[in-house]
Amino acid sequence: MENSSLWQGAILGGILFWLLSSSYLNLTLKLRSFLQPFVTHYVQSGTPILLQIQSYRAGYLDAIFSGLSCVVSVPFYTAFIPMLFWSGHGQLARQMTLLMAFCDYIGNCIKDVVSAPRPASPPVRRVTATKDEEENALEYGLPSSHTLNTVCLSGYLLHYVLTHTQIQGAYITYFGVSLACLFVALVGLGRIYLGMHSLIDVVAGLFIGLGILGLWLTVDECIDSFVISGQNVTTFWAAFSFLLLFAYPTPELPTPSFEFHTAFNGVALGIVSGVQQTYHQFHHNTVPRLFSSELTVLVFTGRVLLGIPTILIVKFCSKTLAKWTIPVVANTLGVPIKSTTYIPTLNGAKTGEKSKAFDVDTGIRFLQYAGLAWSVVDLVPSIFSYTNL
């Protein structure tokens with residue numbers, strides 16, 4: 001107990017120290033002044049390469065690369081991760097969720113520290129086939145989040161399959177590694193072809209992703225053990241998540257990157273707190289898995305048809321509750337607040353007042369995604385148990 005409290009305090013104290021020292025030393029601006037000109041030069045000088053790649057323009061290539069971008073997008077994983085939990089692969093699901101949150105935090109921090117532009121359009125042709133891609137285009141360029149996330153998540157999925165299943169053998173390993181490398185290469189090429197990133201963005205995403213993956217593979221078992229059986233897990237993770245909301249760099253201009261981090265930060269807290277409470281009921285290693293006699297395809301289909309609407313309802317209710325409670329608490333404590341999206345009545349503050357006010361949208365977004373994630377691993381499995389699904 002003492003050792004656990006000691007290292008938890010050390011982590012939280014380290015983040016708080018970094019937050020205060022980096023703010024006092026103005027590290028974000030110093031790093032940006034050093035890195036931004038270098039990256040911008042390579043983005044601009046790499047334009048001929050992008051134009052050369054885009055010279056092979058074809059409708060089917062637009063469709064293929066846009067499809068690949070959707071496969072590694074936030075909406076895809078929002079649907080994919082719950083299905084992993086409900087199919088009996090709890091360890092893989094919680095590890096991929098936490099890894100995704102970590103990748104999102106690191107990648108978006110680097111984006112907003114460097115604040116380097118995406119390829120100029122025109123002359124580069126930018127293809128944004130979905131609303132998700134339109135939002136991605138508003139972020140800064142380096143690194144390519146799609147490339148970084150693909151490296152980490154496909155690499156971890158391959159590692160999990162080779163170490164936690166009966167699928168073994170040199171040929172299987174060779175085939176899996178080749179398939180993962182091909183997938184990463186196609187996603188990286190697609191980001192260039194679609195005009196979303198320069199070559200340096202994709203290369204940076206590749207190497208940063210490999211670094212994160214290597215780090216995660218050394219600590220994933222320790223993190224998982226802590227989540228399912230540690231002490232003060234929910235309390236620690238709540239404090240950890242709260243500090244991460246502040247330990248985030250301020251970009252040169254506002255982008256959606258912080259919003260994405262806030263959402264994933266909330267998801268991580270919801271998953272951790274839910275699994276901590278219900279691991280022995282719903283998420284232990286002996287729960288029925290898909291294609292077994294206890295969990296047939298028909299039963300799993302019923303889970304999905306019941307589970308997806310439920311978590312969407314919880315997300316809506318969490319958002320509504322947060323929109324009501326956060327302003328009440330802030331006003332009670334005398335904290336000046338503003339809202340840029342969720343509460344129109346708070347948009348009328350004066351410019352000087354806004355700069356000193358707390359943006360309640362951050363708390364609302366954080367709580368609604370935490371509620372959604374909690375429902376995936378706690379509320380919905382409880383409903384499955386009650387309905388014999």
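Glycine is treated like the rest: Cβ placed from N, Cα and C.
If you look up TrEMBL, you'll see 93-217 marked as domain 'Phosphatidic acid phosphatase type 2/haloperoxidase'. Assigned with DSSP, the residues of the domain 'Phosphatidic acid phosphatase type 2/haloperoxidase' (93-217) fall into helix, strand and coil as follows: 91 helix, 0 strand, 34 coil.
According to TrEMBL, the transmembrane segment annotation covers 6-27 (among others).
Under the heading transmembrane segment, TrEMBL lists 63-86 (among others).
Same-chain residues lying 6+ beyond the ends of the transmembrane segment (171-193) with a Cβ under 8 Å from its Cβ atoms: 49-50, 53-54, 56, 61, 64-66, 68-69, 72, 144, 146-147, 150-151, 154-155, 158, 161-162, 199, 201-202, 205-206. According to TrEMBL, the transmembrane segment annotation covers 171-193 (among others).
Taken from TrEMBL, the feature transmembrane segment covers 199-219 (among others).
As annotated by TrEMBL, transmembrane segment applies to 226-248 (among others).
For the transmembrane segment (295-314), same-chain residues at least 6 beyond its ends with a Cβ under 8 Å from one of its own Cβ atoms are 79, 82-83, 86-88, 288-289, 371-372, 374-376, 379-380, 383-384, 387, 389. The transmembrane segment annotation in TrEMBL covers 295-314 (among others).
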Checklist outcome for this item: Most Cβ pairs under 8 Å to the transmembrane segment (226-248), of 6-27, 63-86, 199-219, goes to 6-27
